[in-house]
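These come from TrEMBL:
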REPEAT    11-104  repeat 'Solcar'
REPEAT    114-200  repeat 'Solcar'
REPEAT    212-307  repeat 'Solcar'
Amino acid sequence: MVGYDPEARCVSTVEAAAAGSASGLVTRVLISPLDVIKIRFQLQIEQLSSRNPGAKYHGILQAVQRIFQEEGLAAFWKGHVPAQFLSVGYGAVQFMAFESLTKLVHNVTSYNARDSFVHFVCGGLAACTATVAVQPVDTLRTRFAAQGEPKIYRNLRHAVLTMYQTEGPRTFYRGLTPTIVAIFPYAGLQFSFYNILQQFSEWVIPAEGKKGGNVKNLVCGSCAGIISKTLTYPFDVFKKRLQVGGFERARAAFGQVRVYRGLLDCMRQIMREEGPGGFFKGLSPSLLKAAVSTGLVFFWYELFCSLLCALKNTDGTRRQEG
């Protein structure tokens, strides 16, 4: 169902956008706590270890307990409103662009639209398009998830006005360069490995055992998410560090803060002060989040597309009978 298939086509580009939006919305509600923990880990300068007395967070369970004790249950959904705008907008643009690009490949070139390499290229381009469209919302989401108590931003409107007045319009695109550099291979690998794993499952599982299609979509999506996230993770750390630039006062409660002049300076400082391990801070919650979120995104997308197909087929049958 993911990608253009001339032999089994029943979802339009607009319907793909609607299914992508719904998929992003449902998934975001479920994975928000993991996202908050991941961002806190990525932004912590100190080593993520209980042996480091200056480190606020040591591990996933310790971070959950500390955030809950200090900030309450609602802290795990900090920045949820901009995050929902991000997920809904990103899901719509990404899947709409992916369906359109794979259809274009089928109509204009000699490549098979179901080929894994085509899915890699189209998936990367679709994600870049979606990223540029929603980057300001992503920056807002990161700021909300990163701020401690007392809060710097009271609500979304206050955050937008404050950032615009004090830092200028370019602040909403902080971290865009590492995001674009990372998102193309990350999303491309997601779509490519999802396609490969789907084909592999069809080869392994006999025809009579293919009733659990939804579970298969979930498993294939989760595996694709883990592989792609591991290979591209350092750029996610760079993006988060750059997005909170100019936000040092709100970060004081979490430990040391740093000012980065750009992507290369960020890479140099992390390597010098934190070592190679600094590039993979927050990897464990990030992999958990990638497995859950990617699996759920593809699961819900396939499910919503199937429902739309079923509704269209039902309407078509009724019209024929009428």
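Including glycine, each Cβ sits where the backbone N, Cα and C put it.
Counting residues per DSSP class in helix, strand and coil order gives 73 helix, 0 strand, 21 coil for the repeat 'Solcar' (11-104). Across the repeat 'Solcar' (114-200), DSSP assigns 73 helix, 0 strand, 14 coil.
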